[in-house]
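Student: As listed in TrEMBL for this protein:
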| type | residues | note |
| --- | --- | --- |
| DOMAIN | 4-243 | domain '14-3-3' |
| SITE | ARG57 | site 'Interaction with phosphoserine on interacting protein' |
| SITE | ARG128 | site 'Interaction with phosphoserine on interacting protein' |
Amino acid sequence: MKEREKVVRLAKLAEQAERYDDMVEFMKKLARMDVDMSAEERLLFSVGFKKTIGARRASWRTLESLEQKVTAGEQAGVTINGYKKKVEDELRAVCNEVLSIIAIHCLPLANSGENVVFFYKMKGDYYRYLAEFSAGTERKAATDQSLMAYQHAMVVASSELSPAHQFRLGLALNFSVFFYEIMNSTERASQVAKQALDEANDEINSAGVEGYKDSMLMMQLLKENLALWTSELTGGGTSKDDDVVMEG
């Protein structure tokens, strides 16, 4: 069995066993082979890191919420803050590793529009994750990098992928979340989501829904977010802290 095939097989086994740290190690090994990843390999690479980072993002949000509920100076607050910083260090390490791999081993080898969009979107996502917990100049740098990555992906997607392509819709979904959560711009988030939905609907109405199963899921998430944001803009929504925003 070729080494590339062996690594992919091991990554799939690790996923089935829910050993995501192992899955990540296998996919890092694949990325460092400097290959233009297949659709299956892309998915394994993304899922492994997303599972790893997702648990830490959830932990950070829980700790952030707990910290806001205690009085300044209380011992409980000091303990929570110390633990939160530990989680932040882990988040920073994972994000920086992913971004390094994408820059060195993934984007230079991406030969298709799909792969270019996929990895620039992923770059935008992981800089967004950094911006979520950062402050000051670190947050600004992460925000700027995330914005540029998403914008580049949008340009390529507009010329290389159809409006109803699942990658183009997933990109619009996460870019709109970036505007909402990082830039605090509900209006801009709504504009991105609405444009993506309108363009995709035009294509699907012309071609029929057959073959658009994955795209329909992305469209549903866009619709849910757009409904939430529209409600906010018209004064009928809950506070931003209570909102549950969907992302891809």
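Heads up, the Cβ atoms here are built off N, Cα and C, so glycines get one too.
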Student: Counting only other Cβ atoms and using a 10 Å cut-off, which of the recorded sites ARG57, ARG128 scores lowest?
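Tutor: Counting other Cβ atoms within 10 Å of each of the recorded sites ARG57, ARG128, the minimum falls on ARG57.
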Student: Check the domain '14-3-3' (4-243) for me and report the mean pLDDT.
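Tutor: Here the mean pLDDT over the domain '14-3-3' (4-243) amounts to 92.
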